Amino acid sequence: LSIPKVDLQQHSGIVTCRLENPHGTQEETARLDILAAPLITTQLPKQEEIVSGKDVTLRVVVRGSPRPEAQWFFNETPIAPENTSYDEEKSEYQLLLKETSVATSEGTYRVVLKNDLGETESTPCVLTVLEPVKLTKIAPTTEVVDLKVGEAFEISVDVDGKEAPKVQLTKDAPLNIVQPLNDINVLMGQSGTFSFVCDAFPAPKVTWFMNDNELKNSTKHKIEAKQNVYILTVNKCENTDIGTYRAVIDNGIDKGEQTAKLNVGTKPTVVGKPTDAQVQIGQPARLQVQFAGQPLPDITWSRADGQPLGENVKIANDENGLAVLVFDSTILSDKGSYVAKATNIVGSVEQKINLDVKEIKPTIIRDLEAAINATKGEPMTLTIEATGNPKPTVRFFRGTDELVASEGQIELKESEDGQTFTATILSIQPNQQGDYTATVQNTGGMAKSKKCKVTVTKTPTFIRTPQDLTVADKSEAIFESEIDAFPSAKITWLKDGKPLTVKEGVEIQAQADKGLYTLRIPQVDTTKHMGTIICRAENAIGTTEHSLQLNVTTAPTLKTQLKDLEVLRGQDAIFSIDIQGYPIPEIIWSRADKVLEEQNETIAFSDDRKQLIIRNVQIENEDEYNVRIVNEFGEVTSKAKLNVLELPEIQPLLEDKNIQIRQQIEYSTTITGRPLPEIQWLKNQKPLNASPPHINIETIEEDVIKTTLRIDNIQSDDDGTYTIRVKNRAGQKESSSKLNILAKLTFIKKIQDENVIQGQPISFQCQIEAIPKPKITFYLNDQELKSGGKIKIESKGDLNTLSFSKVDLIDSGIIKVIADNGLDKEEISAKLNVCLKPTLVGKPTDAQVSIGQPARLQCAFTGLPMPELKWSRADGQPLNEGIEIANDENQGIAALVFNTTTMADKGAYLVKATNLVGSVEQKVNLDIKEIKPTIIRDLEAAINATKGEPMILTIEATGNPKPTVRFFRGTDEL
């Protein structure tokens, strides 16, 4: 709010900023004081009347700043300030006159107002004090008068009062409220009117109150009485006008009250633009509308089509005018328009909002498998998972033919959750192969599955297996089998892992369509055909086989002879034979002609006695073992030798060792094994065949092998892993020792302090003896240095070098070397001083003074470090006494101070500046000038001497050296 030109009457006072919207109102106030002389905006009334004994307040509204002082006058006499007051809010000056009377109060009143900017005076107000009417009845003298119809009667009274009273004859009547005062509801900013009708005589006085505060006629409140109708109008109603209003009615005979409430409000309105909702069926939904109004409205919901709300619908309105309709799970019948109606005391408003419920088109969440390989005669199941709302139906097809449920052939099922659908062919056959599909459909649409290619196969299965046969040599043998498979199986008959063919004298017949397969051997040959024959059936899906036995009556034969065994002591030795003969021959095992019998702990046989098992073989089990095979047609024998071996052993095993350089170490161990092993010493997995002279290997072989490896005067090159490796027919073993050569970390050569001129190269070298070899790190002022730029770090053997190609001033500091090999850690340090040779700063000035005056010779030098300064005379003579050397070496100032010069001080002086990296000299001259005599008080111009008395001539003179004075008379010296 900007006021370009403030006006006292228009703008001074309380400024109110009101904020309002449909939800409410808020106000803030500020006071604007305008500096101005007093200005009366509301004058005193020219006349005022008051009944004697009553109080009266005279008021004047004045603008002015600073606030004016008021002086009230009664008939030109100042009034004491006790009965005066000031209402700051109204800028109103008040004078209260209590219990007025004609004698003390009737007269002329005025007020004078004054501030620093001026003064003003109100118009005078004449106050008239009215005295009440006095009524004295003269006749009749009695209180009750009997009147006769048609006759006159007379009442006589004396009436007195100021002003002259009006006389009226009335008949008294009590209050009669014909129409009471009622509550009213008013729109914000509009006017509200209370009214009631009251019959009474005399006419009553009506006083209006709001919340017990008396109301007067004002711009806010208008009080009216029209005959017997009494009206209070509240203009431009605001929140502050809300309350209880009371009318007090009094006509002197009867009293009464009427009360009613004024409610101020704003009509309900819709805040913003509500958004229609669109959801898929089954999803939750929420419709909401924000209403505003004062007071907050009551909200109801209904369907626009007049139907009741569904059971799944909840009304969730809040207390802040938010209308909410919640659908936990929508159904199709929820679709439609809904109406939210907001109603309060001053009006109502409706808002329509739409809910659109969309059906969910079926969605396949797990499609048919791309391919199914079904087993012939087994169930085959197609599975699809889909969602949709309403719940979809699923149909399965083979090509264009729909699968229809039929008992014992096809089953169609649906899961409890309605998402998984299956079609199962209970016994699928090859003629049911093909492309299968499914459709998923509801009212929202249809989805079609991908194709599923179903193939029918069956791994070969024996329906009838071939049976074992025993036949005589050269007779016929026939084996028959029946096999179910899809695709048809390939049948192979095998003997000893090889297929039987016509070459082996067999005939093979097949009826694949019936699954019948036959092996016929017209003339059985013991060598070719006796034994186990395998019938193998295979197709692309799988393989199965069945073994059968063909026995030919014949004497025993050995297919494979016994073989010599070499077995580790403690392991089991197993002798095996493969024999042929029928009837099944007896097998007899022996050791040195002694028949072996089964012993649980040591000797065991396989069930068919084709294996002899010797458990936990020991040296004493070493021997020759025999086997004899016999039946009614003959016998056969075989023998083999058992050799018992022992793994090599090393005792003790080598252990890792740490040893100091130049000491001796020895490894000694004993080797066992059966047979005695070969041994080999290695260093770092390389044989020590041509070992250095200080390495010696000694080996003594008896029942065991004792071997020693000794290393004398150990050097750093001897560090490594030493291994002894032993090997015999039973196996190999080795043991290793990591030999760590140690040398205490010692700096043989240390880095030294260095002074170097800026820009010159410098190197630091240190030599270190240590095993293990240490990691060397250089630091400058505790910052690690690395090769690069002007810095180069080298390590050759045990010599480590740090080099600077050139040094700068910032390189000054402490060079530190840290050596760390994990066992020891040492460090050394040295100073690197990057220096500047002394140089003369500027050009020194020779000094020239008069004799006796002080003198100062001065030169400025710089250098790093700052140079030491020394003075001398150029002629080699010592400095005279009294000369002060006043050098400031911190600042590089060389100064020679002469407090008083003499002629002997005259000459050339040398100053020499010296630091760690050089020196410089500078010559400065001091010239001493003599001072010519000067007469400062001459002889008097004339002297009148008395004869016989002394006469003195006086002269005063200066000069340096001190002058001599001679007096003359004429040319004759005195």
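For all residues, glycine too, the Cβ spot is worked out from N, Cα and C.
Feature list (source: TrEMBL):
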- 38-128: domain 'Ig-like' (DOMAIN)
- 165-263: domain 'Ig-like' (DOMAIN)
- 268-356: domain 'Ig-like' (DOMAIN)
- 362-455: domain 'Ig-like' (DOMAIN)
- 460-553: domain 'Ig-like' (DOMAIN)
- 556-643: domain 'Ig-like' (DOMAIN)
- 648-740: domain 'Ig-like' (DOMAIN)
- 838-927: domain 'Ig-like' (DOMAIN)
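The domain 'Ig-like' (556-643): residue composition by secondary structure is 3 helix, 53 strand, 32 coil, according to DSSP. Secondary structure of the domain 'Ig-like' (838-927), assigned with DSSP and counted as helix (H, G, I), strand (E, B) and coil, comes to 3 helix, 53 strand, 34 coil. Mean predicted confidence for the domain 'Ig-like' (362-455): the pLDDT average there is 93. Helix, strand and coil residue tallies for the domain 'Ig-like' (165-263), in that order: 3 helix, 58 strand, 38 coil [DSSP]. Counted with DSSP, the domain 'Ig-like' (268-356) comes out as 3 helix, 52 strand, 34 coil.
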